[in-house]
Amino acid sequence: MANKNNVTELIFTGLFQDPEVQKVCFVLFLPVYLATLLGNSLILVAVSISKTLHSPMYFFLSSLSLVEICYSSTIVPKFITDLLAKVKTISLKGCLTQIFFSHFFGVVEVILLVVMAYDRYVAICKPLHYMNIMSRQVCHMLVAGSWLGGFIHSIIQIIITIPLPFCGPNVIDHYFCDLQQLFKLACTDTFMEGFIVMANSGLISIVSLFILVSSYAVILISLRKRSAEGRRKALSTCASHITVVILFFVPGAFIYMRPSSTFTEDKLVSVFYTVITPMLNPIVYTLRNTEMKNAIRMSWKQKDS
């Protein structure tokens, strides 16, 4: 077997095979993607122009919105245009690029969610020291660390993948470049590469989830000493973040804990976290947040004027 790349182009099977169903998906998912761009952009603008939103919590939220735009744009535009294409192709280099950036922005989002949980912990459990602990310099370092963590993770994934030989077949059973599906096309045994990739992603997920759960466990314990009104106010600031964490982690856990033979269901779940969740996050964060809603209204008024 020649240890070289004869494959320069890959073919996606897509989400569905029926052309009519694909057209319906195009009509549904295009507005969802546009809503993702609009909703997250509004949060970015609102946080940047509103003086009432110049706090660490909203700084992290605006950073999360930027990542949501980038992550969604890595996968969704190609997916949407492919819904109208008879043959869904991507170059091998393009596939590797998509893998790099999808893992990059995905891990940045995970770490940012952990940072936001820590921010809530400090705000609720150490309110008198909040501004000293969460200084502007610390906030910028935490966000920079999130981006650095995502970069290191993606570099590891891509360094493992690039040397693999691909000499055919060239069909990926997905609508975007998934590492596990790409490994199946390699003309060599990829057990070790697959193990390293899963360990890399799994370690980040487990550690992040542990910190998230621990942070909110400490918060809940500390709230036992508060009044009913104090508990209500504190929990209201955490509810949106907890919802977003659930939306992010549950679909991923569903995919990686199911047998590999149920891949059709996995593709449908992938639609949720690549297409739907980035649109829902701005809604979740603004639905019960009066300050954010007022800031967005002000940004619209300034735009109209």
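From the backbone N, Cα and C atoms, a Cβ is placed for every residue, glycine too.
In the structure as shown, the Cβ atom of Cys187 (disulfide bond) sits within 10 Å of 18 other Cβ atoms. The feature disulfide bond is assigned by Swiss-Prot to Cys95-Cys187, with sequence analysis given as support.
Sequence annotations record features per position, and here Swiss-Prot assigns N-linked glycosylation site to Asn6 based on sequence analysis. The Cβ neighbour count for Asn6 (N-linked glycosylation site), using a 10 Å radius and every protein chain shown, is 11.
The topological domain 'Extracellular' annotation in Swiss-Prot covers 1-25 (among others). Residues of the topological domain 'Extracellular' (1-25) grouped by DSSP class, helix first, strand second and coil last, total 7 helix, 4 strand, 14 coil.
Secondary structure counts, DSSP: the topological domain 'Cytoplasmic' (47-55) has 6 helix, 0 strand, 3 coil. Under the heading topological domain 'Cytoplasmic', Swiss-Prot lists 47-55 (among others).
Remote same-chain partners of the topological domain 'Extracellular' (77-95), defined as residues 6 or more beyond its termini with a Cβ less than 8 Å from a stretch Cβ, comprise 5, 7-15, 22-23, 25-26, 29-30, 33, 166, 172, 175-177, 182, 274-275. Swiss-Prot lists 77-95 (among others) with the feature topological domain 'Extracellular'.
Long-range contacts of the topological domain 'Cytoplasmic' (117-141) within the same chain, counting only residues at least 6 positions beyond its ends with a Cβ under 8 Å from a Cβ of the stretch, are 56-57, 59-60, 211-212, 215-216, 218-219, 222-223, 234, 237-238, 241, 245. The topological domain 'Cytoplasmic' annotation in Swiss-Prot covers 117-141 (among others), and the record cites sequence analysis as its basis.
As annotated by Swiss-Prot, topological domain 'Extracellular' applies to 163-202 (among others), with the evidence given as sequence analysis. Taken together, the residues in the topological domain 'Extracellular' (163-202) have a mean pLDDT of 92 on the 0 to 100 scale.
The topological domain 'Cytoplasmic' annotation in Swiss-Prot covers 224-236 (among others) and is backed by sequence analysis.
Annotation comment: Swiss-Prot describes 258-266 (among others) as topological domain 'Extracellular', evidence class sequence analysis.
Feature annotation from Swiss-Prot assigns topological domain 'Cytoplasmic' to 288-305 (among others).
According to Swiss-Prot, the transmembrane segment annotation covers 26-46 (among others).
Here Swiss-Prot flags 56-76 (among others) as transmembrane segment, drawing on sequence analysis. Long-range Cβ contacts of the transmembrane segment (56-76) within its own chain (Cβ-Cβ under 8 Å, at least 6 residues beyond either end) map to 29, 33, 36-37, 40-41, 43-44, 47-48, 98, 101-102, 105-106, 108-109, 112-113, 115-116, 119-120, 123, 134, 139, 142-143, 146, 176, 237, 274-275, 278-279, 281-282, 285, 292.
Per Swiss-Prot, the feature transmembrane segment maps to 96-116 (among others); the stated evidence is sequence analysis.
According to Swiss-Prot, the feature transmembrane segment maps to 142-162 (among others). Panel annotation: around the transmembrane segment (142-162), residues 59-60, 63, 96, 99-101, 103-108, 111-112, 115, 118, 179, 182-183, 193, 196-197, 200-201, 204 of the same chain, lying at least six beyond its termini, place a Cβ under 8 Å from a Cβ of the stretch.
Marked as transmembrane segment by Swiss-Prot on the basis of sequence analysis: 203-223 (among others).
According to Swiss-Prot, the feature transmembrane segment maps to 237-257 (among others), an assignment based on sequence analysis.
Same-chain neighbours of the topological domain 'Cytoplasmic' (224-236): 124, 288, counting only residues six or more beyond its ends whose CB sits under 8 Å from a CB of the stretch. The separation of Cys187 (disulfide bond) from Asn6 (N-linked glycosylation site), Cα to Cα, is 10 Å. Counting Cβ pairs under 8 Å to the transmembrane segment (96-116), the stretch among 26-46, 203-223, 237-257, 267-287 with the most such contacts is 203-223. Of the candidate ranges 26-46, 237-257, 267-287, 237-257 has the most C-beta pairs within less than 8 angstroms of the transmembrane segment (203-223).
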